[in-house]
Amino acid sequence: MQCDAVLLSGNCILDESMLTGESVPVTKTPLPMRRDMIYDKKEHARHTLFCGTKVIQTRYIGSEKVLAIVINTGNITAKGGLIRSILYPPPIDYKFEQDSYKFIECLGLIALIGFIYTLVTKVSRGIDAVKIAVESLDLITIVVPPALPAAMTVGRFYAQKRLKKKNIYCISPRSINVAGSIDCCCFDKTGTLTEEGLDMWGVVPKTVTNEFQMPIKQIERLPYGNFLFGMVTCHSITIVNGKLMGDPLDLKMFESTGWTLEDQKNVPDCQKYSLIHPTIVRQPKKEILHGESNIAEASVQRQSSIDDLLADVGLLNGETNNDHGIVREFPFTSNLQRMSVITRRLSGSNFNVYCKGSPEMMQQLCQPSSLPENYSQQLAFFAKRGYRVIAMAFKPLSSKMSYIKAQRLAREIVESDLEFLGFVVMENRLKPDTGEVIASLTNANIRTVMITGDNLLTAISVARDCGIVSSDQAVVTVNARQVLQKESHAYELYYTLDIGGCENATKDLVNISDIISLQSSTANSIEEVCETENYQIFNGDITSLSSVSMTLPNSNSLTSVETCETWTYKDPELGVVSCKHEKKCHRPTWRNNYRFAMIGRTWQIVRENFPNELKNFVVRGAIFARMSPEQKQALIIDLQQMDYCVAMCGDGANDCGALKVAHTGISLSETESAIASPFTSRNATIECVPYVIKEGRAALVTSFGIFKYMAAYSMVQFISVMILYSIDSNLTDKQYLYVDLGLISVFAFFFGKTGAYVGPLAKQVPLNSLISLAPLASIILHLLVVVVFQMA
């Protein structure tokens, strides 16, 4: 039976790629049984088995089988909704199609006038009634030719064939013409602009003195301790058919440690749920104590006493068994932005909690005393360079905690009062052709926007690298905070300025009136700030910052620079990191050249509380980070309401809603979810976007030409027949056949054979309205010339 069901007992591992486009198996856990909880399909998706997904593995307790209760059947299931959206897509309010219908209505009105005129004149002359009826009805098929709908598909047909040769498949040919009018392209980041997979860059642990260590690139040399234990246990990796399966981020993090993951042997997969430790992570078998040089290096990095150092090194192999069992898992959800596990060391009896997630969320969950003072600066340092940063935290549970109690703990209790451990840093490189494609779209005056679920600073960095934000543009980050007004809560917006013109550009608070203002800059304008020193701007007032503090990567000690004038540090991985204040460093003229950036939470607050400011953010917005699938879809709709013709390009994961509502949805996923978008590219790069736009423009121009050609042909034939009717004559059947097939249809069906322009995208967009001066004037003038010559 086709149904959606809620899991009540046992665990299930599902492949949801057909619905979400996500190829990573998802673990489903039983729905928490709380009296105060009301089931919500979106909120409790981790406990719901959706129709259309594939069950890879089930795990149950003892003899109690996996149990689920049916909540939806038939076309109201998740799969049914997907099929409905495909069979009955949202109507595309497209100007060309609307005008074509109006034009046909005008032709029908002309045919009706000709029908009545012929009927009256021939009856007055006493002609046979059958002949009058046949000749009068002929006028309708002449003015509104039956071949018009078929001829209108010619341009789309040839464009579809050419796209197929480039491994771009289209399931909605009517969308090809729409693609010719695209003036705004939205892109997902991970898997679309950047490579799908993540690579481990390194880790930045925290010392016992609440300071960040230097980055450690060789993960296998990371000392045994809670940070390493968190890396090897805090994940959703499982073993399916002898292979590790899970989120790519989890797989990369786990594989970098060199540890191994084991399920209990000689136990069927379906019964492993009942074991106390269904999954065990084991340390490498041949571990030796690091050499003296490494111990010395570690001592310098940590800048702590020898006792602190030995306390950590004492955990190294040989003294104790470091194997861990994963007792319970709280899976990652996008709205919580974190996941956690409860583990137990096999050689001990205490339970520990390890949690990882977005740095912003973990900052709220961790004890303030465990956070380094430069937490935000260190995060910004990596995020601005495009790295993916994951925060790791830890919490020991009570020594009286039992296995049964650990299974009953609420997630809110488990993920509270955590101790921050450090950052896991991963790199996500741009795809080779991303920059070139973005440049070609920008040169064609097509706006580009990034919509991602990733960190805002990372998104800004990638946007600058790929060209969505140019080097001469400033990024104004929109933030929202809650304020108390007359015993009720409200929100206010504030703005920070991120200028990319020089390395030491900082985030400054700015007044929105200065941002929106298009007046010329004054002598003390922001463009000149970099020539002197760092400034903070708030409510129009400029005050000097007293100091700058930054931690240098891979150096021998932590460095704090007080009122720094000039320093540089060359890192082989990150390049030159500098804090120079020199006359040659110019910031962009941001007053007239800026783009907005914001996170999904701020976007939601703006939509609900600041409708007047929404227009400015839609027009100037370039980077939208931490966006949920629903928010992506809402943003596309807002862009369309601003009269943008919007294309959305995504890899299928979490982008299905946006792909469906966009004028042109382009999926880079080869999974079944690709059928939810009109276009699917087998080549997982955005180079397909210019091809789709070019072929769309070619098809649109062809459709215009064919429509005018068919309209002019029908009117010319109508005038000719009306003249012949006036003298009681008519064209013969062979003449009609020769004109319709020999002269008209043959030429019409070869209109679209000419391929799209192979050069760069042109700035000029083809007309998309038939009822405008140019097409109407060309048809009317042509008909006047024909009438004059025929009457003469």
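Just so you know, glycine gets a Cβ as well, placed from its N, Cα and C.
What TrEMBL says about a protein is an automatic prediction, not a curated fact.
For reference, TrEMBL has these:
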DOMAIN    2-85  domain 'P-type ATPase A'
TRANSMEM  103-120  transmembrane segment
TRANSMEM  140-159  transmembrane segment
TRANSMEM  706-725  transmembrane segment
TRANSMEM  737-758  transmembrane segment
TRANSMEM  770-791  transmembrane segment
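Between the transmembrane segment (770-791) and the stretches 103-120, 140-159, 706-725, 737-758, Cβ pairs under 8 Å are most numerous for 706-725.
Between the transmembrane segment (737-758) and the transmembrane segment (140-159), the number of CB pairs under 8 angstroms, six or more residues apart, is three or more, so the stretches are in contact. Confidence annotation: the domain 'P-type ATPase A' (2-85) carries a mean pLDDT of 80 in the model. Across the domain 'P-type ATPase A' (2-85), the DSSP tally of helix, strand and coil residues reads 18 helix, 32 strand, 34 coil.
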